[in-house]
Amino acid sequence: MSLAMQQKIEIAADKPYPVYLGSSLEGLGEYLRHQFDDIEHILIVSHQVVADLYAQRLMKGLQDYRINLLIVPAGEEEKSLDRLSRLTAEALGHGTDRKSLVIALGGGVIGDLAGFFASIFMRGIRLIQVPTTLLAQVDSSIGGKVAVNHSAGKNILGAFYPPQAVWTDFSTLESLPWEEVENGLAESIKHALIADGDLFQFFENEQKPIKHRDCLIWSEMVTRSSLVKIRIVSQDEREQGIRALLNLGHSFGHAIETEMDYRGITHGQGVSVGIVAAAHLAFAKGLMTSAEVDRVIALLNSYGLLTKIKGLDSQNLLHKMQADKKNQGGRKILILPQGIGQALVTKECSDSEILAAWKQVLF
Ligand SMILES: NC(=O)c1ccc[n+]([C@@H]2O[C@H](COP(=O)([O-])OP(=O)(O)OC[C@H]3O[C@@H](n4cnc5c(N)ncnc54)[C@H](O)[C@@H]3O)[C@@H](O)[C@H]2O)c1
């Protein structure tokens with residue numbers, strides 16, 4: 001996937017930063033030398049599997065720097081205070097100081113964990129996001145949110161901490177297992193549904209090359225999907241308004257994930273069922289036609305994403321939604337699609353309407 005030309009897109013934030021799409025891992029060093037004249041030491045934080053595949057390519061360009069590679073075991077449970085504390089000890093052992101740079105080389109777990117570490121180590125050291133999963137490239141590396149989990153909930157301890165840059169090399173996606181691709185596809189289709197009807201059509205028309213990982217089509221898919229996120233976070237960095245649209249499908253999806261204790265369902269599958277539930281609710285509210293709901297279901301199905309789920313109870317799921325941290329004053333805040341390519345935030349859904357939507361996706 002090295003055919004793509006590099007594109008630089010600036011995120012308009014309090015502290016603007018560039019996203020480089022279609023860049024090469026080997027090229028990051030030259031960028032750093034050009035951009036910063038006071039960096040001597042770099043900490044690369046990664047998973048073993050990702051480091052085995054890509055650290056050498058990245059380090060080829062970083063020969064001028066003193067490098068330490070910190071390996072974090074894979075898994076969501078590693079986004080923890082305990083891991084943060086171990087990273088801190090390791091970083092200090094390697095002489096990390098205020099001028100050091102952190103490179104987060106991996107998926108969303110590494111991006112969130114290493115990003116949060118960078119945000120608080122010595123009150124903040126520089127960070128470059130190098131996303132290597134589809135989800136991280138189109139979603140989690142963009143927008144500056146970093147966090148770890150707590151027993152009280154996911155991403156409870158976190159910050160808005162914009163990186164110096166996001167450095168995206170599409171070729172890293174070649175090794176991504178299909179289950180991980182699905183997680184990213186669910187978010188990418190969500191981006192299309194909330195903000196880009198043409199991208200939705202692209203997903204409908206290009207199913208075959210997408211499933212065969214055609215490099216040009218994947219470059220276009222990642223670029224167009226990233227652009228949706230870039231556009232949204234550039235308008236609303238701190239999630240005071242439009243950024244909430246990115247949560248489409250997530251209130252329903254999180255309820256499913258927590259009800260199932262995060263076992264036997266991936267995040268992407270949960271979000272996918274959640275998108276369908278939101279589409280049914282949108283139909284009931286007159287925001288979508290039944291033909292549009294059918295298009296959403298057909299598209300998700302065609303990529304092997306779940307559109308219904310077995311053996312769960314609608315009342316329990318409704319109850320789980322009450323704990324959603326986005327709720328206000330006891331009212332559920334939901335994101336609903338408005339046709340294909342637009343969405344809105346609403347407080348105006350009654351429990352009986354939400355229950356009816358749940359029933360459409362349960363069997
Ligand atoms: N900060 C945000 O705005 C934001 C947004 C969405 C999700 N997230 C977070 O992202 C996390 C999920 O991220 P994810 O889906 O990328 O999962 P992940 O980071 O756990 O990566 C999934 C698996 O793929 C492996 N992997 C990564 N890149 C690979 C590659 N190129 N080839 C082969 N294997 C590779 C990883 O080692 C891991 O085992 C969650 O913690 C979620 O909360 C954050």
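Backbone N, Cα and C atoms are what each Cβ position is placed from, and that goes for glycine too.
According to TrEMBL, the feature NAD(+) binding site maps to Gly108, Val109, Ile110, Gly111, Asp112, Thr132, Thr133, Lys145, Lys154. Sequence-distant neighbours of Thr133 (NAD(+) binding site) (same chain, 6+ apart, CB under 8 A from its CB) are Gly106, Gly107, Gly108, Leu173, Leu176, Glu180, Asn183, Gly184. For the recorded site, Thr133 (NAD(+) binding site), the DSSP three-state label reads coil.
There are 19 other CB atoms within 10 A of the CB of His267 (Zn(2+) binding site), with all protein chains counted. Taken from TrEMBL, the feature Zn(2+) binding site covers Glu187, His250, His267.
Feature annotation from TrEMBL assigns domain '3-dehydroquinate synthase N-terminal' to 70-182.
Residues or ranges marked as domain '3-dehydroquinate synthase C-terminal' by TrEMBL: 184-327. Residue counts for the domain '3-dehydroquinate synthase C-terminal' (184-327) by DSSP state, with H, G and I taken as helix and E and B as strand, are 102 helix, 1 strand, 41 coil.
Annotation source TrEMBL lists transmembrane segment at 101-122. Sequence-distant contacts of the transmembrane segment (101-122), counting only residues of its own chain at least 6 positions beyond either end whose CB sits under 8 Å from a CB of the stretch, comprise 28, 32, 36, 39, 41-47, 50-51, 54-55, 58, 72, 74-76, 78-79, 83-84, 87-88, 91, 128-133, 135-136, 139-141, 145-148, 155, 157-159, 161, 163-164, 180.
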Residues among the binding-site residues Thr133, Glu187, His250 that border ligand 1 - Cβ under 6 angstroms, in sequence order: Thr133
Inter-residue Cα distance where the pair is His250 (Zn(2+) binding site) and Lys154 (NAD(+) binding site), in Å: 13
Inter-residue Cα distance where the pair is His250 (Zn(2+) binding site) and Asp112 (NAD(+) binding site), in Å: 18
Binding residues Gly108, Val109, Ile110, Gly111, Asp112, Thr132, Thr133, Lys145, Lys154 (NAD(+)) - maximum C-alpha distance in whole Å: 22
